[in-house]
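A.B. asks: The coiled coil feature in TrEMBL is assigned to 77-139. Annotated transmembrane segment per TrEMBL: 415-440, 452-477, 559-577, 589-612, 674-693, 799-819, in sequence order. Residues annotated as region 'Disordered' in TrEMBL: 709-737. Marked as compositional bias 'Polar residues' by TrEMBL: 712-723.
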């Protein structure tokens, strides 16, 4: 960070230029104007698309989409896309085409003009075959339905009860045996899902004057429209009146039931009809098989080329969309695009190659344009930094040449997550999951992942860092699945009760005693074995103490405040680097300096007192400052920082002689009074000068423009010369001056000042979530361990059942609650700390993202989906 700051300062004083690193600041962008022959425009756009480093600007913003030159070509591409979607649907319905091989090639060999008639011919042929196939299948289904009726036993039509379904209402009125010779009947087939409704409608239409029997068909029928297998039911309806016949026939038509003739009085005729129907079915099956073979051949050809065709259409459509953005002037085409400065040589090479490919007679060239427009922001990322950059971009795109917060969030984000999540066991589980995703990266990218798994897989690199930092802070907290362990040997101290008199008489310099806040009587002393603290992390002896939670809360709360002030100070230093880079000195002197003074002289001072209090030998100070033999109650606690910080604002200079933190009470009172005075002076310094400077700058600029206008009035020939040489002025050469409004500037600065002053308090308090979530995680882990593991083990009588069930509950709760919900909660809180508390100190986030025209994106979009998955 020091060397980066030094290079920024050297850049400011023009001692050395600052190159774009690609991640620290965005890439240097230039606005290019490309000139090419009309015949070379298509190939030029295609070459630049394969290069993937230019973002085209729309040069026809006032022209509607229907009035652009290549709207007809775009519609042709959309029509080809419709045909390709039809091919995909046919492949989904066809058997044996669930997987389509994607032949990836880097060339674009086929054009829309050659592909369009081919797709049209295949679609027409395939639709004709499908129409014939559906007709043949419908005829086959009709013959099969007739066969189902003809193969029914005679008892089905005579009323004998042999297990067939009968209308119960009719049976109650007419009996169970009927004479066929006295009744008329209709036979047919209906879908099974409509059979019950059909029977009720027939009964109501005839007012019960009917008798109906149904039986399920022996075979399933393939629906020609959907290709699905459908269950059908054979029925026979007996009735007597002609009016009933008309009603039943209309109901059959409305319910899509098919009627077939059947003469029960002529068995020989039934047998002949059955043989004729069977022959027809065999002939239809042969014809259908031939039609399906021809269709399979066409689909096989489509399957082989579908990916390449789809990619070609997508690329051609994108090319015509870009061409609609260009300016056509006779045989010359002019394009404007943003490109990284380091890729200019590649752009020139692409122009030359396109010129040779198209056979253009006029050489294509490019030129750099000076513009006041804000360039787009472009950061180079890889598989590791991409997820961190996307997190930052979700808040807002960085302004051009603004410092990129992702440089720091690559490490600070998982670190703050680890502070909130710190647990060795749970962090190890997260690390294992992330390591599995990283080791199987290629295989998982090639295979299909559902939405949730794909989201976790995309954050695999940040996930492994989160797990590693959770393990690290777990060692700091000495927390392993809610238990404290001794990874570095035995604990180094123990506690014992001692009377005040014994402490006063026995305490010597060779022992180091610590004692709590006790009144006259019994003190709680602590003796260190070897005179040194625990090697790393919290001493495991705290696990057995009564004030364990109080100690943890005090430690983690102070750590959270220190980390918060450090990160916010880092944000302010980054704002200084931004001001230096953009040479904005008014914000350096009247923005950065008062902000740093206010933050460091308030909460920075509190952090300093925390560190001093941690490093002070309070027992030694008490031995020298308190006389224990005097009567009265002696409070042997260290000074309260909460009380000291409150008095810093509300009652400055009120520190008691025995409550100072460093040097002495009088000196600390003087220091705090000086710091408070500096904070009070920093507020008007932040509020007033910047609006005044901007007003004076605007006033000076307005006078300069007025003098220039007066000179132009005295020399009227200059504008005419400009008009004669330049013609119409290009839009990017115009300077857009927003009207200056002093009230708006003042209100903006007042809001910024209030937000910063109050934000110092609220943002510092917001970092206490580091302590709160860490405490919640530790308490939940301890509760799950005690009640799901320890309690069942204590109640188990030796069978092991309670132990097994307890372990299952503990493991499930650990995975779902602690590794799932708690990790997500810590992730979101870390996200909030970076977006609000850190980035609002220096990050504007109002830039425009660089979106280059890249044909490689269509390779993934062109992959056909014939498996039926969305």
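Just so you know, glycine gets a Cβ as well, placed from its N, Cα and C.
Where in this structure would I find these features, and how exposed are they?
C.D. replies: Through the fold, the transmembrane segment (415-440) approaches residues 456-457, 460-461, 463-464, 466-477, 479-482, 485, 559-560, 563, 769-770, 773-774, 777-778, 781, 814-815, 818-819, 822-823, 826-827, 829-830, 833-834 of its own chain, all at least 6 residues removed from its boundaries and within a Cβ separation under 8 Å.
Counting residues 6+ beyond its ends, the transmembrane segment (674-693) has Cβ neighbours under 8 Å at 586-587, 589-591, 593-595, 597-598, 601-602, 605, 648-649, 652, 742, 745-746, 749-750, 752-753, 756-757 in the same chain.
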A.B. asks: Relative to the transmembrane segment (589-612), which of 452-477, 559-577, 799-819 accounts for the most Cβ pairs at distances under 8 Å?
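C.D. replies: Most Cβ pairs under 8 Å with the transmembrane segment (589-612) come from 559-577.
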A.B. asks: Mean pLDDT for the coiled coil (77-139), rounded to an integer?
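C.D. replies: 83, rounded to a whole number.
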